[in-house]
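K.L.:
Provided herewith is a single structure, encoded as structure tokens, for subsequent inquiry.
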């Protein structure tokens, strides 16, 4: 039985009392609603594993059993607060699209669904049985008809409730001050992230704001006047802590469609006609397209799918009527699943499995070929493997932008060069075999292709000058002039002859190339000098906006590059992709290092140039692993070392993501970059190195001072990431393909005295290393899960705890290591405890770890450690055992120890003034158009906008002045 991971207990869920309830009126009575704010964890005496802490709307905060001792005290009422959504499902009563929370599907009627609110309000026939879906992936649970079942009224923070500030309040005096009341005017979702997770409150002074009631597990409000929130059927709600099973088969039509997907309708006409009601309607002509392949054009606001079958025919379909033909196509960015046993099983008969494929598990790659049997050729980690599509999951396109897949660079380069070279070669062959009139002016191009200088001169003499111009000299044959052909072939004498005959040096071929482009294509330095001496345009751009310098750089022709630079070409001109020649040189790899040196020595080069993907030259060099380019750019502009792309990635992020260890060393040692910089997802370079299992980079970043306890937007530290990913990927040092990372990591683990290191998986090895360096094994993420909770295998759990203990011993002995940064856990000091782990006795006199006196030790909250006496505890701010910030200090009798010095907080007026300044600063750097991104472009008038908005403007949106120039800034 596979459990649905999305249906597990998570902070933010809204709950009511369940069948095993024995805690009196702690919830305010039957029907009271609360929010899960903390999950139990291994080793905690008050909130052990399989328990939860609930913040009830009326104010009580207590822990309850969610499978502990086999009991379930709570029922799940709503899980929309944790982001559960059924994307293509519409409630057939309230017509809300993208049903949030649990889905209730009628077993009698065809395709009839209700949301939780409509189901509990007795919508639809009460004699019909329904199925309950906890998530879009879970297997349905069959329920009895609602008729005759008791309904319990809900009470708590709902529309109309009277509220005051609650336990997680952090909004200053927005409510008018402590004790002021407000009225809930609406319950809504937080943008598109979560549903029914925040409350809009109007306070007594008339101000209205939105506050968390379950969003991210936080509760900003306390109910002092309950409001009715509808009803619920107790028998139909799932037990909290008993997750639903995964569907055995997730069909393609159950997945959300995306533009470009290839789909078919495989239903009978009668079934399709019934399904189309309310989903685009039915047209008899639609029957003609049943079984035909179509392409998803767009998804409508209602979730229906608009499918294009040819240039003129489009139909709107119910999403359930369509089947994806193939989820992956050439160029798609995919991630290989990291479950070793599953991949081995799925590969049988689909490319098979070899142990050399192990490094690809969990990595991101690109589809380079789709075979007829549906199997895929995927480029990943510098290798190409054949995978079953079942082994792959789709990734967002932006992940590809930051991944320097070697195959992509080679494909892009060849795609840019082969068609031109190929078509030119074909044209030359045709010219050399052409049977044409010897007197025809186009014959001059043929003689140029054959290299016949004498016959070319004879042709020019037969066509005398007219007004100082030879009419034959610029005649085209196969789309090219004689000068262009001679320039490509390096026929210096012929080029000189044609120039003397006043051939046009800047005449364009069908692709916009001049003769100078042709000398660059053919690697002809002398012909290049001749054309430049004749006054040709050194910066002429072809149809792809490439200059001759771009062409020479892309083909690696060093001498031509030198000549063009000597003649003052513009090294900063961008092509159609906004790539400068230096971008192209970096893409060419180590083979173009000499060209990189030449370009970076040009006095006027702009090393801050950014291409269409938002990569500066330093970003691009870090992406491609070009060490020389990184050094040269840093020597000119070290201030770029921490510059961020739109997604927040810096050069170090890109080096860490793509396993460019030497680049990372240069950025850290020579560039002195910030090793703890974070992107828009709040990921540090260490997060990315661990995510991609780059074992050589992890120690480098840690040794450079990277904070091992930094959390991302999900609250995950690098230790969480290590245990969530690569858990089943074996750590094999001798198959690392020359990568010393696994061997170095193993040697450091073995040096610490960790036994059995050679049998560790990649995830476990990285996790143990991080724990040895001070990563907090008890750090709870936003879902309340600590690394100890994720270490499901007993051997790994024991090793992790041992490494953490070794770090603490090393710290106590004055050894090295990175101390864990200060943090706050999800526990709250006013939590009442219902449960105690059996076997824990009351405190007795023990030796204080600080003064060594025998005394009753103080209990620290939330970590629950007793380490010091009352006198020593007064001045402590962090527990000396686990480094967790202390929120409360309790004597054995339960009374609270007062701190030695109570530092007064800042005056309210000062706080408000600082808040006002912050808002003003934020407004000054925020784009005035989308009011979302930061300003990245400044216009000549002094106003600005973000890059996407600014690129589309012709006039300043503030002062209406025409925009003549855009200056990119780095904030």
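Quick reminder: no glycine exception, Cβ is built from N, Cα and C everywhere.
As the structure is a computational prediction, the values presented were derived from the model and not from experiment.
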K.L.:
Of 893-926, 927-960, which span is tagged zinc finger by Swiss-Prot?
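P.N.:
Range annotated as zinc finger by Swiss-Prot: 927-960.
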K.L.:
If I look at Swiss-Prot, which residue among 251, 757, 838 would I find recorded as phosphoserine?
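P.N.:
So the answer, going by Swiss-Prot, is 251.
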K.L.:
Which stretch, out of 776-811, 848-883, is listed as zinc finger by Swiss-Prot?
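P.N.:
Feature zinc finger in Swiss-Prot: residues 848-883.
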K.L.:
Scan 33-85, 86-138 against Swiss-Prot and say which stretch is down as zinc finger.
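P.N.:
Feature zinc finger in Swiss-Prot: residues 86-138.
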K.L.:
Counting only residues 6+ away from its ends, which parts of the chain sit with a Cβ under 8 Å from the repeat 'ANK 5' (613-642)?
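P.N.:
Distant contacts of the repeat 'ANK 5' (613-642): 401-402, 404, 409, 577, 580, 582-583, 585-587, 589-590, 593, 596-597, 600, 605, 607, 649-652, 654-655, 658, 660, 662-663, 666-667, 670-674, 677, 947, 970.
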K.L.:
When you average the Cβ positions of 106, 109, 124, 128 for the Zn(2+) 2 site, which other residues in that chain have a Cβ within 8 Å of that mean position?
P.N.:
107, 108, 112, 125, 130
K.L.:
What whole-number Å value do you get for the CA-CA distance of residue 115 (Zn(2+) 1 binding site) and residue 128 (Zn(2+) 2 binding site)?
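P.N.:
Given the Cα positions, residue 115 (Zn(2+) 1 binding site) is 16 Å from residue 128 (Zn(2+) 2 binding site).
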K.L.:
For the Zn(2+) 1 site (91, 94, 115, 118), what does the 8 A shell look like? I mean other same-chain residues with CB within 8 A of the CB centroid.
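P.N.:
Not counting the recorded site residues, we get 92, 93, 95, 96, 99, 114, 116, 117, 119, 123.
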K.L.:
Please report the number of other Cβ atoms within 10 Å of the Cβ of residue 118 (Zn(2+) 1 binding site).
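P.N.:
If we count other Cβ atoms within 10 Å of residue 118 (Zn(2+) 1 binding site), we arrive at 20.
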K.L.:
Looking only at DSSP and grouping its letters into three states, which state does residue 94 (Zn(2+) 1 binding site) belong to?
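P.N.:
Looking at the DSSP assignment, residue 94 (Zn(2+) 1 binding site) belongs to neither helix nor strand, so coil.
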K.L.:
Which is it, of 94, 106: the one of these binding-site residues whose Cβ has the most other Cβ atoms within 10 Å?
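P.N.:
The residue with the most neighbouring Cβ atoms within 10 Å is 106.
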K.L.:
In the same chain, who gets a Cβ under 8 Å from the repeat 'ANK 2' (511-540) while lying at least 6 residues past its ends?
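P.N.:
The answer is 420-421, 424, 481, 483-492, 495-496, 499, 505, 546-549, 551-552, 555, 557, 559-560, 563-564, 567-570, 573.
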K.L.:
Which binding-site residues are spatial neighbours of residue 118 (Zn(2+) 1 binding site) here, meaning Cα within 10 Å, out of 106, 109, 128?
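P.N.:
Those near residue 118 (Zn(2+) 1 binding site) - Cα within 10 Å - do not exist; the answer is none.
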K.L.:
What same-chain residues lie close to the zinc finger (927-960): Cβ under 8 Å, and 6 or more beyond its ends?
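P.N.:
Counting only partners 6 or more residues beyond its ends, the zinc finger (927-960) has Cβ contacts under 8 Å with 614, 646, 966-969, 971.
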K.L.:
Grab the same-chain neighbours of the repeat 'ANK 1' (478-507) for me: Cβ-Cβ under 8 Å, and only residues 6 or more beyond its ends, written as numbers and ranges.
P.N.:
424, 427-428, 430-431, 444-445, 447-449, 451, 453, 456-457, 460, 468-470, 513-516, 518-519, 521-522, 524, 526-527, 530-531, 534-537, 540
